[in-house]
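See below for the structure under consideration.
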């Protein structure tokens with residue numbers, strides 16, 4: 001839960017950072033595209049039934065991690081800010097929490113031979 | 001007001017995802033989204049000459065009169081309003097065990113909520129990237145759409161699991177999809 005909430009805050013920060021630190025348009029686009037995606041999947045993963053949705057934020061975080069070097073982000077602030085946010089997003093996306101409900105075995109049950117809802 | 005029926009809880013679940021206390025809050029959220037979308041749509045149609053935005057100055061105006069907004073045959077906010085109507089209608093139709101009596105309606109509901117949420121996020125991304133402005137009410141509407149996704153998905157999961165049990169029992173999934181009563185009596 002706290003990990004998802006932290007990712008929501010980081011995602012929001014990523015969305016507003018270009019305006020606060022006056023990044024140029026090309027760099028700002030990366031921030032403006034990844035930010036809303038991170039916020040979305042973090043919110044979706046707040047509910048136990050979709051806790052796994054947090055993994056969708058791993059590629060989003062990875063993008064922030066590598067984009068500064070692929071696209072030569074300037075100034076340096078834009079680079080390290082993306083790298084730090086990307087790293088945090090990835091780490092927090094892996095954070096597990098205790099699931100109390102059963103949900104008939106969850107989404108994976110649909111692909112299982114002996115799903116929980118059939119036992 | 002809310003009748004509790006333990007028999008309506010799907011196998012290996014702790015609650016009934018089709019219960020009114022699960023569905024009413026979503027209908028209320030979608031109704032708020034609908035009002036916001038209609039307000040923006042009326043502005044796009046020229047009914048109002050100004051549009052409310054407490055944070056981004058004329059950001060809302062720029063977004064709502066952008067080239068993307070004009071690419072649609074009708075104002076794009078009105079399309080959003082239509083989506084919210086679908087959310088409310090498909091969210092409220094059906095009894096409190098519709099996850100097995102009306103799988104098709106639950107799936108329509110899931111389609112209405114899921115892709116609508118995805119389109120909202122796409123529009124959020126397009127605001128700064130293409131238009132270069134933010135819009136308070138658009139962001140609010142997008143937030144509502146995203147919050148609705150997970151609470152709607154649980155019911156979809158219960159319906160899909162029911163159809164999975166129908167398939168394993170050898171009954172026709174297509175009939176169960178439309179709520180065949182004989183199958184409901186045979187399968188949990």
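A Cβ is built for glycine as well, from the same backbone N, Cα and C atoms used for every other residue.
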Feature transmembrane segment in TrEMBL, mapped to one of the ranges B:55-73, B:74-92, B:131-149: B:131-149
Within-chain partners of the transmembrane segment (B:105-125) [C-beta distance under 8 Å, separation at least 6 from its ends]: 18, 26, 76, 80, 83-84, 86-87, 90-91, 93-94, 98-99, 138-139, 141-142, 145-146, 148-149, 152-153, 155-156, 158-159, 177
Residues in the domain 'Vitamin K epoxide reductase' (B:25-149) grouped by DSSP into helix, strand and remaining coil: 94 helix, 0 strand, 31 coil
